[in-house]
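Novice: Attaching a single structure in structure tokens format; questions to follow.
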Amino acid sequence: MTGKDFSTINSRGLVLVGCGRMGGAMLKSWLARGLDATAVTVIDPHAPAALADQGVRLNQTPPARPAVLVLAVKPQMMGDVLPTLEIGPDTVLLSVAAGVTLAGYARAFPDARIVRAMPNTPAAIGRGISALIGNDRADAEALALAETLMSAVGEVVRLQDEGQIDAVTGVSGSGPAYVFHLIEALAEAARAEGLADDVALQLARATVAGAGALAMEDDTPPAALREAVTSPNGTTAAGLAVLMDPQTGLRPLIARTVRAATERSRELGK
Ligand SMILES: NC(=O)C1=CN([C@@H]2O[C@H](COP(=O)(O)OP(=O)(O)OC[C@H]3O[C@@H](n4cnc5c(N)ncnc54)[C@H](O)[C@@H]3O)[C@@H](O)[C@H]2O)C=CC1
Ligand SMILES: O=C(O)[C@@H]1CCC=N1
């Protein structure tokens with residue numbers, strides 16, 4: 001990603017409403033990849049003051065027709081935030097909020113080109129993955145602009161229908177938390193087996209990161225990578241007998257985990 005890809009945004013401006021964990025993570029990557037800080041207006045009462053030192057316009061009147069307005073506040077805040085905004089057809093509204101639907105935004109901004117994205121926090125290091133879906137008014141230009149922004153923070157997939165975004169939220173939006181919890185659990189188990197705290201965490205973190213990197217290396221299916229670790233009658237087979245138990249193992253647990261998160265995303269959309 002180069003500054004050239006951001007040229008429209010750099011000339012017409014980007015407004016970021018909500019600069020917390022997700023908004024802040026994306027902004028950090030965008031600035032590192034060619035977004036001009038002086039083209040950015042951040043609206044957030046708690047935004048880090050250091051952003052102003054970088055040249056970002058902090059809580060100032062936004063430009064009248066920015067190229068894009070990114071919404072990254074909590075879904076529960078939308079009722080307060082949307083009435084304070086004016087978005088016409090010249091601006092792409094790009095929302096990363098869980099739950100809030102395209103129809104919900106279209107009620108507030110009937111002329112707007114609206115794109116929903118569901119990113120995840122590895123966006124902060126350019127290793128996120130986002131899914132995108134636009135409303136009827138979102139033309140190829142609007143989707144391309146949204147894709148420029150989201151591909152600057154990681155991979156992008158486009159969805160066929162909006163209902164799919166709830167499952168994306170349950171899998172990859174919330175997913176980093178599941179993986180971080182796996183690191184916690186692995187470290188805890190390492191400590192229980194007698195390893196020192198720091199070594200336990202180092203082993204757990206590097207194992208998850210290394211396995212993740214290996215899984216991304218080529219198209220080898222994860223099952224084949226698993227089998228390559230598993231010697232007949234060896235240690236991994238003993239561990240996997242527990243982890244892959246059809247009733248009490250990881251599969252049903254992850255299925256319930258993703259189901260709960262997906263359902264919550266659907267609820268937020270009602
Ligand atoms: N954290 C995550 O992993 C992901 C979050 N999201 C979505 O991103 C959105 C933001 O989530 P987080 O960043 O986690 O929350 P957060 O609480 O870290 O950030 C929200 C920010 O909005 C600001 N804010 C509150 N009221 C405001 C107002 N009236 N005007 C402007 N800013 C206001 C807060 O000061 C805060 O900095 C949510 O809608 C969430 O569904 C989507 C994907 C992943
Ligand atoms: O927990 C949440 O609601 C947000 C959406 C995906 C990740 N965090």
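Any Cβ shown, glycine's included, is placed from N, Cα and C.
Note: TrEMBL annotation is automatic and uncurated.
Taken from TrEMBL, the feature domain 'Pyrroline-5-carboxylate reductase catalytic N-terminal' applies to 16-99. Residues or ranges marked as NADPH binding site in TrEMBL: N59. As annotated by TrEMBL, NADP(+) binding site applies to A72, V73, K74, P75. Taken from TrEMBL, the feature domain 'Pyrroline-5-carboxylate reductase dimerisation' applies to 162-268.
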Novice: Where K74 (NADP(+) binding site) and the residue listed as 'NADPH binding site' are concerned, what is their Cα separation in Å, rounded?
Specialist: 18
Novice: Provide, as an integer number of angstrom, the distance between the C-alpha atoms of A72 (NADP(+) binding site) and N59 (NADPH binding site).
Specialist: 15
Novice: For the domain 'Pyrroline-5-carboxylate reductase catalytic N-terminal' (16-99), what is the mean per-residue pLDDT, to the nearest integer?
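Specialist: 95, rounded to a whole number.
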Novice: Counting Cβ neighbours within 10 Å across all chains shown, tell me which of the binding-site residues N59, A72, K74, P75 comes out on top.
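Specialist: That would be A72, with the highest Cβ count within 10 Å.
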Novice: Rounded to a whole angstrom, what is the C-alpha distance between P75 (NADP(+) binding site) and N59 (NADPH binding site)?
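Specialist: It is 20 Å, counting Cα to Cα.
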Novice: Applying the rule Cβ within 8 Å of the centroid of the Cβ atoms of A72, V73, K74, P75, what extra residues of the same chain belong around the NADP(+) site?
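Specialist: Surrounding the site, in chain order, are G18, G20, L71, Q76, M77, M78, V81, V96, A97.
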